[in-house]
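Database features (TrEMBL):
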type	residues	note
COMPBIAS	1-10	compositional bias 'Basic and acidic residues'
REGION	1-20	region 'Disordered'
REPEAT	133-183	repeat 'ARM'
REPEAT	183-218	repeat 'ARM'
């Protein structure tokens, strides 16, 4: 009888295989990563390292490995988005600092906007980034040049902010509307007259995306007097600027 009980308590090979399959199935499910607010810093760092290790060690064409990699990429984007949104804005200078600039001014914001723009290429990330509060900060970046600031680094940050808005709003009507509500169209129109050609192109791309299949956005762009500048851009010797202007003007 004792022997029967021991046999009953010990899992069979079949049972172990079933448990292993169950665990593997749970690992490869592409489920939404829960909020990390309740996770300790140490646990969070451990989880991030674990996801990176999956990317480093899992490179094959098998379905299970590909699913693991997909899940890890999703997890890393979830971990990163809130922190990236936070760094779209410049921190407050210490009260004791009266003069001087913030170290790496505009560079951190540029990097955050660039990375969020890459994440926003995936449609499933667009709304999550917006829900994390990215749009007001991206619009704030667009307005920095209007505050009298101008530098190569700042222009880079503005360009990446415009690119991020383009990717967030791509084929997403609700986000197009939110950009207008957040006041994103007027600064983009102002940037059409930037002395930096790359900023001009980025602003035109963003406006074209926002105007496509959105009459309210299109009307506001016209009301902001964008058309005269776009007509001038049609005659630009810069082929890329000419292309962007033509693309905008052909929107039906």
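Keep in mind that glycine also has a Cβ here, set from the backbone N, Cα and C atoms.
Unlike curated entries, TrEMBL annotations are predicted automatically.
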Using DSSP three-state counts, the residues of the repeat 'ARM' (183-218) come to 26 helix, 0 strand, 10 coil
Any idea what the model's mean pLDDT is for the repeat 'ARM' (183-218)?
-> 95
